[in-house]
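The block underneath contains the structure these notes are about, expressed in structure tokens.
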């Protein structure tokens with residue numbers, strides 16, 4: 001017992017002296033339900049539609065439910081870009097539409113020392129989360145392939161303009177060639193880093209609101 005204690009002490013001192021970071025705490029994941037068929041799994045960059053209920057681990061108090069509070073609708077968020085707490089980004093990877101998980105999230109991956117609203121500082125949180133729908137994010141590999149009409153792994157001005165036209169029509173707006181051309185020029189000015197007249201797959205990672 002004494003040997004184990006000193007081993008822990010020396011390990012902690014080693015991390016302190018070396019200036020290394022201690023391992024980041026993990027999210028505890030329990031799969032509550034998983035559908036038999038799974039056409040795709042969630043990954044960073046995807047947009048997820050979820051229903052959730054959040055509880056304080058300390059006393060079991062529910063602090064929010066998308067089904068009971070607000071407009072009672074599920075919520076959209078993008079996985080992996082800190083739109084939600086870090087524990088969600090970690091705990092909702094690799095899920096199927098229709099899957100339900102219970103996440104136990106330590107304070108460091110939730111609201112930490114500050115807390116938020118009904119959540120006290122240093123609170124471990126429990127979430128029951130169901131993914132309703134998974135969509136490609138605006139900067140996903142799939143979105144790039146959708147825009148890359150001739151499959152040459154780069155986007156021309158004509159391809160981007162065609163994508164904008166379709167997006168405008170999909171949202172109920174009339175196509176406007178002059179407006180689209182201005183938008184395309186602005187996009188290329190910001191994203192075509194090597195000025196070769198194309199947006200490569202690498203350059204595509206730069207976020208721009210129009211795309």
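Just so you know, glycine gets a Cβ as well, placed from its N, Cα and C.
As recorded in TrEMBL:
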- 45-135: domain 'PPIase FKBP-type' (DOMAIN)
- 135-170: domain 'EF-hand' (DOMAIN)
- 179-211: domain 'EF-hand' (DOMAIN)
- 1-19: signal peptide (SIGNAL)
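Across the domain 'PPIase FKBP-type' (45-135), DSSP classifies residues as 9 helix, 37 strand, 45 coil. Each residue in the domain 'EF-hand' (179-211) has a pLDDT score, and their mean in this model is 75.
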